[in-house]
Number of protein chains: 2
Amino acid sequence: MDNLMDVLKERLKEKGFKLTPQRRAILNIVFENQGKHLNTEEIYGLVKDECPEIGLATVYRTLQLLEDMELVSRLNLDDGCSRYEFNSHEDDHQHHHLICEVCGDVIEVEIDLLEQLESEIEKLYKFKIKDHKVKFNGVCSDCRK
Amino acid sequence: MDNLMDVLKERLKEKGFKLTPQRRAILNIVFENQGKHLNTEEIYGLVKDECPEIGLATVYRTLQLLEDMELVSRLNLDDGCSRYEFNSHEDDHQHHHLICEVCGDVIEVEIDLLEQLESEIEKLYKFKIKDHKVKFNGVCSDCRK
DNA sequence: TTCTCAAATAATAACACTTTTCATGTAATA
DNA sequence: TATTACATGAAAAGTGTTATTATTTGAGAA
């Protein structure tokens, strides 16, 4: 999708950054692997097909950059590394994840019933909530068989 | 609380482990600092008053052990280290945390309105939920002034 | 197009947190 | 007592990540 790169270019320009092949390639990899929740090392491996010269540090830097401009989201699945997903749902809250403790699969949940809980918390604790992260651990349908 | 150490001793015995001064001291520190969410280094510093000879590796090992026997819970507050809290609520789900992005304070929330969300997810995804982790990021009442 | 310079890069060193290794110590068991 | 298994401290190694540095690159100016 060319439109995607236009968005990237635009957001980079806003903050005085440049659109480089590395940045383009990394965003592409994350975009093409939606639902996969790749970690930095995996992204590094995949992006090398496109940019064989790329360094791991650049991957780390770029993912941070892409997170800053809200094109990707960093996930913490408690497996010792950061994972990333393409951020399709711009403004609103993130979706949630079901993490299967048997096969390790990660399923995305689109329901969001946390609004009422949030408003209750905001009232009770006078805490301004800006974001929430919800993880469910359990066993997926396949592994229950 | 002596009862606490009895529980520890019992659970250790179940799995063939021993109750050592180090293990007793570490559990005590976490117990005495409920609401503080200490990290390993902080626990190490505090436990040295009781056990000056203790090594950092033992603290890591013991916290893992205490987590396995569900006497403490490991928290991930996205600040680059593991934090621990005493696990008072045995069987049921954990409570939630409000993390202030200004002062870094962590506030505990006891409300749990996730039951309905969970049953909906279980039905829809046939995913057996065993635990959930919820973090809210925002600004606490003090920092909003 | 060529020049200029800030920004971006690759490579590598440094870093922080954590785990493992290993030799020694200690407590329960036979 | 001898044996066995577990626990420990110290140090080394491992892991994911960030910082440093010299070099290269891209985009606007000449």
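Every residue gets a Cβ built from N, Cα and C, even glycine.
Listed in TrEMBL:
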- B:Cys100, B:Cys103, B:Cys140, B:Cys143: Zn(2+) binding site (BINDING)
- B:Glu115, B:His132: Fe cation binding site (BINDING)
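TrEMBL feature annotations superimposed on the structure.
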| residue | record | contacts (Cβ under 8 Å, 6+ apart) |
| --- | --- | --- |
| B:Cys100 | Zn(2+) binding site | B:Val106, B:Ile107, B:Gly138, B:Val139, B:Cys140, B:Cys143 |
| B:Cys103 | Zn(2+) binding site | B:Cys140, B:Asp142, B:Cys143 |
| B:Glu115 | Fe cation binding site | none |
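Taking 8 Å as the upper bound (exclusive) on CB-CB distance to chain A, the binding-site residues B:Cys103, B:Glu115, B:Cys143 give none.
Cβ neighbour density within 10 Å is lowest for B:Cys143 among the binding-site residues B:Cys140, B:Cys143. DSSP gives B:Glu115 (Fe cation binding site) a helix state.
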